[in-house]
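Visitor: Please read through the structure below; I'll follow up with questions.
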């Protein structure tokens with residue numbers, strides 16, 4: 001460690017020197033190239049130092065090539081091989097016609113790699129690109145190397161970009177806090193800078209304050225630490241809440257179709273998970289077709305998959321209802337068994353057609369990446385899924401409230417016999433309900449293809465959770481399903497940090513089992529005599 | 001546990017006061033008050049939705065009232081008990097739609113209803129004693145199903161099921177019988193026979209009969225309570241009640 | 001007349017069942033041990049163990065039929081009771097390994113040594129004793145069923161809701177037993193057994209004894225279940241299945257009757273699991289998988305629910321078919337066949353093999369003497 005820090009000190013010094021033109025000597029640079037050709041780690045280390053000390057114009061390019069193993073040396077020549085295969089003279093950066101014979105890549109060991117890292121850090125602080133300067137400052141912030149302090153100070157003085165300046169100041173503060181011989185006033189100011197930054201790294205840096213620091217310093221540090229901890233706890237809660245909402249929206253998508261069929265027909269459709277799976281595989285097929293035929297449309301693949309998945313799953317659902325379930329009216333437990341059988345058949349059919357392994361479903365551009373709000377990391381795909389779940393929920397609500405078929409569905413939910421007596425064709429309502437519920441499951445499949453493995457078992461992993469959501473939420477009320485899904489999602493994620501993922505889930509299952517005892521028909525159950533009839 | 005209980009709050013066998021219950025905002029029963037004396041037979045009539053069945057649900061513990069008092073035998077608060085406990089106190093119920101155990105024989109239906117310990121252990125090691133077997137025979141004779149005793153109850157006609165259910169009530173030997181539309185779906189002959197049977201039963205039991213059939217009520221010849229929109233509209237002998245203007249209005253006016 | 005006839009017929013069927021199981025229990029071990037391996041009459045040990053497994057499933061199926069066929073409780077978590085009984089037996093077998101494990105620790109099973117545990121968790125105490133372990137085979141599933149049922153039946157959770165929470169129960173246990181810190185061997189479960197009551201579990205004679213024991217337990221389970229079913233309590237339970245609220249108005253505490261039947265059934269499932277483990281040689285969390293419990297339901301449905309004998313028959317038939325199917329070129333189609341079986345039986349054969357056969361036979365003898373009631377509603 002001492003050696004490394006010593007080296008870095010030298011590099012820092014060198015970089016400082018590099019700020020003052022005219023000190024460089026051509027001789028030193030020549031020695032650097034000789035040493036690069038010597039094929040010994042210590043020579044290579046020295047060569048890197050020399051390049052920086054002498055502010056060689058090609059220093060950055062050479063060190064980067066070295067790090068990537070694209071620096072070749074031997075027989076008095078040192079060349080850089082670019083990623084596209086061109087050969088450049090390392091000294092001048094000009095292209096060579098042919099690769100000189102007898103060259104071998106300059107080898108690296110961990111010592112050399114460390115030297116390279118320090119050198120790149122020092123180089124990066126002075127990089128013309130502000131983004132590079134910021135990431136270099138971040139690296140220094142983490143390494144907290146005292147040797148880089150002078151370089152930092154120089155860089156801060158020169159800096160014009162506000163963001164880069166803040167990053168450099170934070171790096172400087174990180175070093176100052178731990179530097180016992182720095183002026184106390186500067187160190188207290190540094191603590192303030194870190195407190196301002198307020199993240200996990202700042203906290204770690206503050207904790208590195210030496211134990212023998214003055215009481216004033218310690219007090220300032222203590223206040224900053226607790227302030228940051230408070231803030232971080234809030235952010236963490238926020239992050240968990242976000243994860244919870246995200247999980248809740250996934251649960252909502254998976255369960256809401258089930259809630260509709262269960263509400264209207266009193267039937268738990270065990271093949272519901274497989275409708276989700278069909279939706280996911282529909283997305284996969286759409287993307288395959290787009291990839292091979294119309295690559296330009298890839299960003300619209302999900303948009304195209306949404307109606308198709310709805311139709312595929314919905315039609316399969318109607319087929320199941322007409323082909324099996326309608327023969328089992330009034331026998332909900334038998335229906336449960338028959339639909340389980342159908343789920344086995346569908347799983348095996350998909351396994352036969354697409355193989356048992358996971359299928360790759362890509363994310364369109366607008367769904368990849370993440371945005372950071374303060375300490376919150378929000379991935380675009382999760383955000384879109386929440387939006388999508390909201391849209392699906394609103395659409396279903398509108399269908400149930402505003403359309404004639406919705407009115408008929410609600411009538412059948414509340415009193416099947418009465419609805420039938422009033423001329424509602426309950427058979428048709430059942431088929432359409434089942435189609436709608438299954439179609440929505442297909443939509444869930446499109447969303448899940450973005451965050452989960454698309455495999456024949458996809459549905460199985462969601463079916464029990466979906467049951468829990470429906471049973472917890474109660475029948476005949478979509479809002480119940482919404483609240484239930486969100487409650488379970490958030491509770492799950494809030495429990496996770498304390499109990500771990502598995503125990504948290506077990507706790508929730510036990511909670512629901514106990515909850516059902518208290519309210520056997522869920523949070524929002526229909527009441528009255530009709531229910532028991 | 002019986003009407004002569006020194007702690008009795010009332011001498012009535014059944015005492016309902018100010019009972020109300022609502023389902024999702026709909027008031028099925030509002031401020032209902034009713035008393036039944038020991039040994040009394042009472043007929044309850046009222047249009048559909050008057051709250052007749054809900055009233056029975058409340059007495060038998062299926063539905064809990066929102067407010068009001070329901071006392072049995074003077075001192076027992078029925079609102080605190082569940083169906084099984086209330087049945088074991090001696091309140092039997094015959095449902096509007098005959099519900100017998102379709103997959104049991106007629107004899108077994110009576111056996112299940114027969115007054116006997118209801119605990120798990122006692123039923124697991126049950127042996128039918130001679131006296132009990134005779135009681136079953138007697139009841140089968142009364143309800144005229146003696147020859148069909150080994151048939152499954154599910155194979156009976158509607159009228160026969162009604163009688164079987166009355167037979168089950170007899171076997172229970174309750175202090176109070178709640179009988180919901182015993183004559184529904186019966187031929188005139190059967191209806192008349194049922195009336196005779198009920199009058200016979202009323203000799204040593206208290207009975208509440210809910211019925212639509214005015215002819216049947218007339219045949220019973222007992223005090224009548226008219227329910228309307230969940231409360232008592234009129235009470236008295238059938239002639240008096242049917243002369244009541246408001247009753248006529250409720251039944252015929254719309 | 002029909003009832004008397006049915007009852008008699010049931011008895012005949014019962015006797016036939018008892019005779020067959022007893023004969024298998026005596027003959028198969030004899031043909032395995034006494035007949036030389038070359039003889040065509042010889043039953044290989046592997047075949048015997050395989051059928052021993054089927055018979056354990058038959059006992060599990062009878063236990064499920066008791067609650068589903070007679071009491072109308074569709075339990076989708078009976079595999080949990082089976083697995084708990086199996087784990088109790090597995091824990092005994094683990095303790096019997098003693099210092100012969102890979103790590104040679106005289107007290108701790110291998111997986112605990114591997115996890116760096118220093119001492120035996122308290123819930124493993126006593127499992128070195130066979131009587132204690134057998135008590136736990138009954139108590140662990142029985143207690144779980146009692147507690148679960150006490151809550152569920154008292155608050156009148158019925159029908160689909162009850163089925164779903166029984167499924168949640170076994171799912172929660174599945175997740176729990178997968179955890180290493182639970183102290184039940186995590187993912188790998190309990191295996192590498194050596195001795196049972198001092199006899200080598202791999203030995204042919206031990207296997208034969210286990211097979212006979214399975215037959216004895218199957219007979220005992222059948223007799224107990226039948227005893228319950230034909231008693232007055234059985235009549236109450238059927239009454240609950242067909243008209244729960246009517247039964248309540250007759251003064252029966254429906255929750256207690258359900259609880260009794262459910263608990264007895266769970267104990268029976270536990271015994272089946274305990275016999276299963278030494279014959280199969282392993283118990284792991286996958287026995288808790290909800291799919292296993294649902295498969296058990298289909299055995300009962302195939303054989304004919306509410307018949308006891310049918311349940312056992314269904315378990316053997318379906319599992320034999322599974323073995324045949326999955327060992328040949330048809331293997332990839334087994335799930336299609338199983339799925340189709342679920343659909344076919346529920347739609348076309350709601351009374352199962354036994355019920356349907358009986359119906360056909362009756363029709364032949366007396367063409368429709370009286371109207372028979374509609375099939376019972378499932379709830």
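The backbone N, Cα and C atoms fix where each Cβ goes, and this holds for glycine too.
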Visitor: What range among C:106-129, C:130-153 does TrEMBL record as transmembrane segment?
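Guide: When C:106-129, C:130-153 are checked in TrEMBL, transmembrane segment belongs to C:130-153.
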Visitor: Using a Cβ cut-off of under 8 Å, list the residues of the same chain at least 6 residues beyond the transmembrane segment (C:333-354) that approach it.
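Guide: Same-chain residues near the transmembrane segment (C:333-354) but 6 or more away: 13, 295, 298, 300-305, 307, 309-310, 313-314, 317-318, 321-322, 325-326, 375.
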Visitor: Determine which recorded stretch among C:15-38, C:160-178, C:208-225 has the most C-beta pairs below 8 angstroms with the transmembrane segment (C:257-277).
Guide: C:208-225
Visitor: For the transmembrane segment (C:50-70) and the transmembrane segment (C:208-225), decide whether they are in contact, meaning at least 3 CB pairs lie under 8 A, counting pairs 6 or more apart in sequence.
Guide: yes
Visitor: Examine the transmembrane segment (C:76-94) against the transmembrane segment (C:208-225) and state whether at least 3 Cβ pairs sit under 8 A, considering only residue pairs 6 or more apart.
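Guide: The answer is no, given that the two segments have fewer than 3 Cβ pairs within the 8 Å cut-off.
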Visitor: Which residues of the same chain, at least 6 past either end of the transmembrane segment (C:208-225), have a Cβ under 8 Å from a Cβ in it?
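Guide: Beyond its ends, the transmembrane segment (C:208-225) has Cβ neighbours at 14, 17-18, 21-22, 24-26, 28-29, 32-33, 45, 48-49, 51-52, 55-56, 58-59, 62-63, 65-66, 196, 199, 201, 264, 268, 271-272, 275, 278-279, 308-309, 312.
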